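To start, the structure itself, in structure tokens.
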Amino acid sequence: MSRHLTRWISLLTIVSMAFLAACGGGSEAGGGGMAEEQVLNVGRIKSEPPSLDPLKATDNQSGLVLRHVMEGLTRMGEDGEPKPAMAEEWEVNEDATKVTFHIRENAKWTNGDPVTAEDFEYAWKRVLNPDNGADYAYQLFYLKNGEKFYNGDAKAEDVGVKAVDDKTLEVELEQPTPYFVSLTSFYTLMPVNKSVAEKNEDWAAEAKTYVGNGPFTLDTWKHDQEIVLKKNEDYWNADKVKLAQINLPFIGDATTGYQQYQAGKVDEGDTTIIPADMTKKLLDEGEAKKTKEPAIYFYMFNVEEEPFTNQKIRKAFAMAIDRTSIVENVTEGGQQPASGFVPWGIPDHDQDKEWVDTRDDYLAPKAKPEEAKKLLEEGMKEEGWDKLPSVTIDYNTDEGHKKIAEAIQQMWKKNLDVNVKLQNSEWKVYLEKTKSGDFQIGRLGWLPDYLDPMTFMDMWVTGGGNNDTNYSNEKYDELIKKAKSTADQKERMEAMHEAEDLLMEEMPIAPIYFYTKVYLSKDYVKGVKYLPDASIDYTEAYVTEK
Amino acid sequence: MARYIGQRLILLLVTLWLISTVTFVLMHSIPGDPFSSEKKLPEQTLRALEAKYNLDKPLPQQYVLYMKNLATGDLGISIKTPSRSVNEILSAGFPVSARLGLQAIVIASFAGVIMGMIAAIRQNRPTDYILMVVAVLGLSVPNFVLGPLMQKYLGLEWEIFPIASWGDGFGSEFQYTVLPSIALSFLPLALVTRLMRSSMLDVLGQDYIRTARAKGLPPLKVFSRHTLRNAIIPVVTILGPITINILTGSFVIEKIFSIPGIGKYFVDSISNRDYSVIMGVTIFYSALLVMMNFVVDLLYGLIDPRIKLGAKEGN
Amino acid sequence: MAIPAEKFQRAERKLTEAEAIRRPSLTFWQDVWIRLRKNWLGMGGLVVILLLAFMAIAGPWMTEYTYYQQDLGDGRNLGPSSEHWFGTDDLGRDMFVRTWYGARVSLTIGVVAALIDLVIGVLYGGISGYKGGRTDEIMMRIVDVLWGLPYLLVVILLLVVLGPGLDTIIIALTVTGWLNMARLVRGQVLQLKNQEYVMAARTLGADTKRLMKKHLIPNTMGPILVLLTYTVPNAIFAEAFLSFLGLGVQAPVASWGTMIDDALTVILTDEWWRLFFPTLFLSLTLLAFNAFGDGLRDVLDPKMRK
């Protein structure tokens, strides 16, 4: 999988998504009583988190730590809804352009300072200050004048966030954004202790200068080695926190991680401790479990490179992939053959169902060789080709991507009688190639920014920053524009369904599978929350006697 | 001699300057930059980030800036982990890598020299063949296979040593260093064994050894004064750069055994296009390397007084 | 009894015949060959090398399978059987064919890279050590510079400039591959050039070329051969590393290096054959090269001719 940095922001309600639940997920059931030593060893960090400053953090691993040592105005619940956290309550005005947050009285920093509204104002403006070079500044472009301030067209005072008093934060938005409240659980929007950060710019670099406000404190940070979190007794909800300590050793090699898990040195973890080749075995034996991850793996066709200038040929190639065989025999992590572009786990906000259940299946799970072959022949006739131009699949170096490419190469040989070549590149070289259009077929995994189909659909508009296929369709652009300009969920969802119909007819991309999140957890680990965005929360976790 | 050393030190600086300059040019000419990712950052963010790290300036200007800072010993801030400076990364990680490396080198050189000598003395006898097979295994079983195998048996199943991780930092319990040191020592051990055997055989056939024996010199003296001295030159030559490679950590071993050394930065910095770290580790490594080669050249003179470096051409 | 003088015939003294060598004259290589034949270790090594080379050529033809043909489904991860002699891999491909197909890549790369390293390294190191003084100083500092450069950067640049392919791999392997050899030869020559027999030869009027060819290089042969046998596996693993950068042979062709790389997790599962066979043949190759090298060393060693 890509070393993709995701940013997780939840939208509205989602039906709980944990499936194959069994033990581990939130249930209080299970063997012995509470263990005397409430220490959890977590195998989810592969290497040094780049930064624990909300301003600079951009990746999952930093995010995991930040979610525990810091806390935003809200926290994401297991249902995907924002729950009160630093903010005790909030009011949203009618057209969703103004939100007032009331920060709880007993909210404290680990250095004893009270958490104030000013800390939030300071932190957000700090992210938006262009001099600070925050990668995720755009997460705050929702604020009134946020983007203008960032571009130097407005002053800091004009930005729509204001501490009315110590405990009241007023937020003004650029346009109606009904889901803004759920965005406040994301780490870029977490507060920063103003007096600490102003005194020491590098306050977040070491454990001893770190000041947080989350359920745990950053007790130890041995660089390149491990992070240790301890229970924060001053946390407003400290009664709910049962773990005294969380150890987060950095484990760079999954084979090592799995042996550490077997030896009992690690109690819980994700692919950091699950070697790819063992996933199936562990799932089959019931040792590992999985949850849906709302993300998609797909191949993209460069529509400006022959032969993929032709719609029928693109469709033929997409149809000739046996997705079932790929998830069952190649990736083997319980993934779902992709039936369309928007993955599972993404809600349809109009019908209160999952998006995948309210749309047609555009692609059959198995290959359709006859139809595909016919389409290919038609396409070639349209273009007047006797021989198909040579085709190469590009992928970035990774054993998983290689296996998928090798399997698809064989499927196209078998089902279409087409010989394609494979070419791998180092990650950044690969990015350069795909972003500059120097490819025919490339792979990509896409994770959402927030739980709404839009985070996927707006990718393919003409000239979109991430539209590497060069696909361009006026009708599609219009539909996306329509969905973006309205706050009416029915209208939005309908426009996006229509856009997906079009996308899957034009087929500039071939969806392959929807992701799963596979994890290992010892029986004595309880109360871990697996959130709908595939992130994790240990706030209420505990261990029972072994 | 003093003059030779002086000249050599100047050349050493020139060499380092050349390496850093070429590296600077190389890293800016390969595709990709520190901020490229599959989700493209907005244009204005990219510009702000580039400005922050001076990457918006023309290359020659960046180069001059870097060299100025380098002259003051400042290697800059890592772009990937913005809260850490390159100096910090090196000073935290090097002692760890160096400790492992040192242990590995000690194992490799002592065991290698002894095994090589035994093989030479027992040439074409079973002992010799067994040692050859051992050495070949050392060369052909890569440490990314050997490491996990040792973890599985010595760590997980027989619980003799910890599977991985690094105790409490530098000066940590010795037990954590055992498996990675052994894994690290395998390849140089094999090479030293083979080299030592071969050059021992060369030396044993020499007339001066026979003369020394004929004169009635005790075998131990023949060995220490003549055989070892003459046979060890190729080992010293090869061991020099290998030592530096091992002291600066191994990407594979550090990953497998979760060791907080600097080895992984040699690969990761390039994958991330983390310019300041690339420059930092390269200069650090090269400085050690050229120093080591200098030391090796000086050692030649000590081991074999007939070798005169810096003498006029063609003697 | 007296024998009449006329019974005797005068033997003609032909100068040319007196000088003639009765034994058929042997070139250097004929001589090496004759003596190598008597060295069972060296011969054993040579025979194994030839066998491996033969299998690399013929092996892929010995079964009905191809190196790319997959059997997704029940055909995956099968142990060795009469059907699949070396078992199958995780995409159901026959490991026997893949192993020998991989041998082509790995053996070619190993041998070619080693030879190039040998030629460049010996010439460069020989000249540097022999000339000594300032020339040596400068030549060795160039080696230092090449050594100090981050290899990955060099390779990525090579890849961008030359594009992927077998020739690029070999260039990438030899850019720095010869440095060890050069330093080793230089160190040996520094030591040897002051030895009595070299001085004697020089006094007798031997020129540089002859000194190098007849005295210095042959007496360094031992360490050179050792380093050479070390270069072969180094190149084979470096190729696997280069395929990480997209420089190696392209999938679905696999070299021994990439096969070993990919099969790593079988240490935790039961599919030992995926790791075992490539490692076995790699080890066998090295063993054979080492044995051959040792034999050759004995044969070439001037001191052993006594």
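Just so it is clear, glycine is given a Cβ too, placed from its N, Cα and C backbone atoms.
No curator has checked TrEMBL annotations; they are predicted automatically.
Taken from TrEMBL, the feature transmembrane segment applies to B:9-30, B:100-122, B:129-154, B:174-192, B:231-257, B:277-303. The annotation domain 'ABC transmembrane type-1' is assigned in TrEMBL to B:94-300.
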Margin query: With CB pairs under 8 Å as the measure, which of the listed stretches B:9-30, B:100-122, B:129-154, B:277-303 comes out on top against the transmembrane segment (B:174-192)?
Written below: B:100-122
Item checked: Contact yes or no, the transmembrane segment (B:231-257) and the transmembrane segment (B:9-30), 3+ Cβ pairs under 8 Å, gap 6+ -> no
Check: Who are the chain neighbours of the transmembrane segment (B:277-303) in space, where the CB to CB distance is under 8 Å and they lie at least 6 residues beyond its ends?
Finding: 8, 12, 15-16, 19-20, 23-24, 27, 66, 70, 75-76, 78-80, 86-87, 89-90, 94, 229, 232-233, 236-237, 240-241, 243-244, 247-248, 262, 265-266, 268-270, 309
Notebook entry, point to check: What same-chain residues lie close to the transmembrane segment (B:100-122): Cβ under 8 Å, and 6 or more beyond its ends?
Noted result: 128, 131-132, 134-135, 177, 180-182, 184-185, 188-198, 200-201, 204, 232, 235, 239, 242-243, 246-249, 253, 259, 261
Item checked: Beyond the flanks of the transmembrane segment (B:129-154) by 6 or more, those residues with Cβ under 8 Å of it -> 115, 118-119, 160-161, 163-164, 179-180, 182-184, 186-187, 189-191, 193-194, 197, 250, 252-253, 256-257
